[in-house]
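Trainee: First the structure, which I've put down as structure tokens, then a few questions once you've had a look.
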Amino acid sequence: VALTAGVNMLVGTIAPINAAVQTQLGVAVSDGLSDITFTAEYGGTVGLAMFFGLVIHLLIARFTPVKTIFLTGHMLWWFPFVIVAGGVEGGLTGIPLLILGAVLSACYWSFMPWIMRKYVWDATGDDSFLIGHPTGILSLVSGFVAKRVGNKEKSTEDLKVPENLSFFREISITGALVMFLMNIVIGLIAPVLVPEGGNLVMFAVDAGLNFGAGLLIMLYGVRLLINQIIPAFQGIAEKVVPGAKPAFDVPILFNYRPNAVIIGFIVAMITSTILVVIANTTNVFGILIVPLVITSFFECGGAAVIGEGQGGLRGAIIGTITASVVMVALVGISAAMFSTTIQNWILIFGGNDLSLWGILGELIGKLFGGL
């Protein structure tokens, strides 16, 4: 509950920035289905795909060496959601669409946490859990690059801060300051960020405080999860799926290298914003895309932790820069492909495994689109 409450506070602070940037850029709702109307029409298929996908996922854990149980609740919905959307774009309907959603979702829940496991264990020093979150492809890219160009001798967590500024070592204070400054900058560029009659400085102060508080609550929830839920899970799993490891939401990583998270967020925002401007100016994707604030914090924050685990401070920075390039490419390609279903949703929440698996769903759908 604490973890979810903290994450919701963070998303609630970030969401107005996304909305303001979209409004400023004049990104209009596209023709076709939105995420709401798509859910109304295909929600039953998504729900069935989630159910059968979970059954397949548990069978994979029980009878193969890939022993992981995916426990990030909301992602049990969002993966079949984007995969079914991809299948619809590819021309699938009925039972073939359901099979695509179930099988691809099960494969993601089982294999992505397992593929990431060594990077996660290197970053945390703890092999009792895995990560079940759409940071997967970005973290793999970050870890791969960081291992080759990084330097473990200098860690993000060893950064020297002058004594009179030592309070900045507290992630909640640093995060609050970053969010305050970001709101000031965005508010000057996109005045619609501030409600009518409001004051930009006070709005930014409130956003910063809420973001800092959300970080504290989220990290408290992470500690509760580590101390209480993992031992309980192990007791149950040994009876149902012996040797299985739980795959948790990405914030569980943030407690291990909090400085890397903030550095990754800043680097990802700067890199991706520059790339978004270039992409929109050159019309490379054929649509307008917006800075990915949510993905920059959660997915690229996780990618920075993985990069730090492989290559220290340098690895975190260069790994995140590389991941940000992949992030922008994924959101642009997937948003263009989801032109009649969930384009506006993926513009905000994509640039990650959700985009990647949605693209895969559409490509497979086109192969069997006559069914």
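Glycine is treated like the rest: Cβ placed from N, Cα and C.
Remember, TrEMBL labels are computer predictions, not curated facts.
So TrEMBL lists these for the protein:
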TRANSMEM  42-61  transmembrane segment
TRANSMEM  68-88  transmembrane segment
TRANSMEM  94-111  transmembrane segment
TRANSMEM  173-194  transmembrane segment
TRANSMEM  200-222  transmembrane segment
TRANSMEM  260-279  transmembrane segment
TRANSMEM  285-306  transmembrane segment
TRANSMEM  318-339  transmembrane segment
TRANSMEM  345-365  transmembrane segment
Trainee: Do any residues, 6 or more residues outside the transmembrane segment (94-111), come within under 8 Å Cβ-to-Cβ of it, and if so which ones?
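Mentor: Long-range Cβ neighbours of the transmembrane segment (94-111): 45-46, 48-57, 60-61, 66, 68, 70, 75-76, 79-80, 83-84, 87-88, 132, 247, 353, 357, 360-361, 364-365, 368, 371.
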Trainee: Establish whether the number of Cβ pairs under 8 Å between the transmembrane segment (260-279) and the transmembrane segment (68-88) reaches at least three, counting only pairs separated by 6 or more residues.
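Mentor: The answer is no, given that the two segments have fewer than 3 Cβ pairs within the 8 Å cut-off.
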Trainee: Between the stretches 42-61, 173-194, 285-306, 318-339, 345-365, which one has more Cβ pairs under 8 Å with the transmembrane segment (68-88) than any other?
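Mentor: It is 345-365 that shares the most Cβ pairs under 8 Å with the transmembrane segment (68-88).
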Trainee: Which residues of the same chain, at least 6 past either end of the transmembrane segment (173-194), have a Cβ under 8 Å from a Cβ in it?
Mentor: 13, 16-17, 20-21, 23-24, 167, 200-201, 203-205, 207-209, 211-212, 215, 259, 262, 265-266, 269
